[in-house]
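Engineer: Could you have a look at this structure, given as structure tokens, before my questions?
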């Protein structure tokens, strides 16, 4: 009991002091073709950032959307998100791989994916009118306290997640909404952390599936049992928040990372671009994106004493086997027995 109370106290302290876990999707891969996503840590500071398939967002710190904003448009595609100016073309039945950075993803929780038909160009659609239907959702896989989660599968595949576009989806322009919900602090009100990411895709095919959807601001409520929950208990029964997966669709597909073999730029309505073949490709590494490259990745020197973790990365906790030292000026702060984080 004393240990559980201690867990709750440190979790509350983490929430009160604004401790966050950070990440965004750096790129997506469709049938071996690499597309750049929106980078909130660099694009806002560029005079002419590239047109990409990912929606822009004002999460300059790789931060999250909290439950008190669930009825705010920020929950739809992240903070102050605006439409991506381009899209990627996919066929119904294709798989799309998301690459999260930085690695490893530090927090336990579910992973969910949604689609919303734009009924026109997604580049100009009003996000508050989008009606999302869930095409997959994976939560607690086994155990408890905290157990094995969808996020652990993502970590084991180098921070990647694969989603399948339904085989029988009606053709059209869609916003694909991918999301991790971090639950390490969810035992306290407003403690869950949502990381929604949106992408424009143009789906081709001959299917007829057109599920009804839910407005983004109606997907979740702060008191949903899958949002307000202490995961540091066992046994644990977890209910993934939001609408159920569309009837007849699998809750997930086989997961695994793979190297891209070509690159492509986002297609702009009225224009076009295509894959650029590459003669050399590299497999994913734990600190690099999935983009093909013919040159070795840049390296940076680390303080003496072995590898270090980046700011806001995990540096300790039960079952953790990565770096336990933080790159200066950050220090490793223990939040609970299961998680320690590099903080300033």
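Placement of Cβ uses the backbone N, Cα and C atoms for every residue, glycine included.
Sharing the record's features from Swiss-Prot:
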SIGNAL    1-21  signal peptide
BINDING   22, 107, 195  Cu(2+) binding site
DISULFID  77-198  disulfide bond
CARBOHYD  80  N-linked glycosylation site
DISULFID  118-122  disulfide bond
CARBOHYD  158  N-linked glycosylation site
BINDING   184, 193  O2 binding site
REGION    262-310  region 'Disordered'
COMPBIAS  275-310  compositional bias 'Low complexity'
DOMAIN    307-343  domain 'CBM1'
Engineer: Round to a whole number and give the Cα-to-Cα distance in Å for the pair residue 198 (disulfide bond) and residue 80 (N-linked glycosylation site).
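Structural biologist: Taking the Cα atoms only, residue 198 (disulfide bond) lies 12 Å from residue 80 (N-linked glycosylation site).
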Engineer: Nearest of the binding-site residues to residue 77 (disulfide bond) by CA-CA distance, picking from 107, 184, 193, 195?
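Structural biologist: Closest by Cα: 195.
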Engineer: What is the interatomic distance between the Cα atoms of residue 193 (O2 binding site) and residue 107 (Cu(2+) binding site), given in whole Å?
Structural biologist: 9
Engineer: Checking your reading of the structure: which of the recorded positions 80, 107, 195 lie inside a 10 Å Cα sphere centred on residue 184 (O2 binding site)?
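Structural biologist: Qualifying among 80, 107, 195: 107.
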Engineer: Nearest to residue 158 (N-linked glycosylation site) by Cα, among 80, 107, 118, 195 (recorded positions)?
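Structural biologist: Comparing Cα positions, the candidate nearest residue 158 (N-linked glycosylation site) turns out to be 107.
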Engineer: Select the closest residue to residue 80 (N-linked glycosylation site) from the following recorded positions, measuring between CA atoms: 107, 118, 122, 195.
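Structural biologist: Its closest listed neighbour, by Cα, is 195.
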Engineer: Using all protein chains shown, find which of the recorded positions 80, 158, 193 scores highest when you count other CB atoms within 10 A of its CB.
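Structural biologist: Max Cβ neighbours within 10 Å, all protein chains included: 193.
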Engineer: Enter the number of other CB atoms within 10 angstroms of the CB of residue 198 (disulfide bond).
Structural biologist: 30
Engineer: Cα of residue 195 (Cu(2+) binding site) to Cα of residue 122 (disulfide bond): how many Å, rounded?
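Structural biologist: With distance taken Cα to Cα, residue 122 (disulfide bond) is 20 Å from residue 195 (Cu(2+) binding site).
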Engineer: Please report the three-state DSSP label of residue 77 (disulfide bond).
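Structural biologist: It is helical.
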Engineer: So, three-state DSSP: helix, strand or coil for residue 184 (O2 binding site)?
Structural biologist: coil
Engineer: When a 10 Å sphere is centred on the Cβ of residue 107 (Cu(2+) binding site), how many other Cβ atoms does it contain?
Structural biologist: 24
